[in-house]
Amino acid sequence: MCNKLFAGRRGYFLGFVASFGLVGLALFLQQKYNLEPCPLCISQRIAFMALGILFLLAALHNPGRVGRKVYGLLHVIAAATGIGIAARHIWIQANPDKVMAECGAGFDYIMETFPLKKALDLIFKGTGECSAIDWTLFGLTIPQLSLIAFVGLGLFAVLLAFHKKA
């Protein structure tokens, strides 16, 4: 069973579905609970989409032994980026007194108004809205759940990279 799951394109396609499924879940929660995503939330979604696109490219390419390792490295880099963003978001939520108390500018405004380097700096500093905890599942916040998902997808990518092709 596991061999078939990880064989060739199936494993990569599963990673693609999981990545974009998580983005879909985030959009569903946003609509259902009228949540306004902060810049770090949007950055995490972008990281999930990047990871998903890499999984889709690998599924379409169906790489050999060396290619699986290259894709594995790219997947791990994308997952590590997501882990870093989620970890920063968790820190901001745990230390709301260390960030701005008021809500800052939205993601779109920041990206349209500032040069890329300055925009990224502002996004990763976090804003007051990044410290808000609007929804939890089993006592875990959305960034904590995202961190778990990024770690899981990163480990899954490593497993795919070293799995023998059927």
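For all residues, glycine too, the Cβ spot is worked out from N, Cα and C.
The disulfide bond annotation in Swiss-Prot covers Cys38-Cys41 (among others) and rests on sequence analysis. Cys38 (disulfide bond) counts 25 other C-beta atoms within 10 Å of its own C-beta, drawing on all protein chains shown.
Under the heading disulfide bond, Swiss-Prot lists Cys103-Cys130 (among others). In the three-state DSSP reading, Cys130 (disulfide bond) counts as helix.
Annotation comment: Swiss-Prot describes 1-11 (among others) as topological domain 'Cytoplasmic', evidence class sequence analysis.
Here the topological domain 'Periplasmic' (29-46) has, by DSSP, the following mix of helix, strand and coil residues: 12 helix, 0 strand, 6 coil. Annotation source Swiss-Prot lists topological domain 'Periplasmic' at 29-46 (among others), citing sequence analysis.
Per Swiss-Prot, topological domain 'Cytoplasmic' is recorded for 64-69 (among others). Nonlocal intrachain contacts for the topological domain 'Cytoplasmic' (64-69), taken as residues 6+ away from its ends with a CB within less than 8 angstroms of a stretch CB, comprise 58, 160-163, 165.
Model confidence over the topological domain 'Periplasmic' (88-144) stands at 77, taken as the mean pLDDT rounded to a whole number. Look at Swiss-Prot and you will find 88-144 (among others) tagged as topological domain 'Periplasmic', backed by sequence analysis.
According to Swiss-Prot, the feature transmembrane segment maps to 12-28 (among others), an assignment based on sequence analysis.
Among the features that Swiss-Prot reports, transmembrane segment is placed at 47-63 (among others), with the record citing sequence analysis.
Long-range contacts of the transmembrane segment (70-87) within its own chain (CB-CB distance under 8 A, at least 6 residues past either end) are made by residues 12, 15, 40, 43-44, 47-48, 50-51, 54-55, 57-58, 61, 63, 124, 143-144, 146-147, 150-151, 153-154, 157-158, 160-162. Here Swiss-Prot flags 70-87 (among others) as transmembrane segment.
Annotation source Swiss-Prot lists transmembrane segment at 145-163 (among others), citing sequence analysis.
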Within the topological domain 'Cytoplasmic' (64-69), residues counted as helix, strand or coil by DSSP: 5 helix, 0 strand, 1 coil
Cβ atoms near Cys130 (disulfide bond) (within 10 Å, other residues, all chains): 25
Cα separation, Cys130 (disulfide bond) to Cys38 (disulfide bond) (Å, whole number): 5
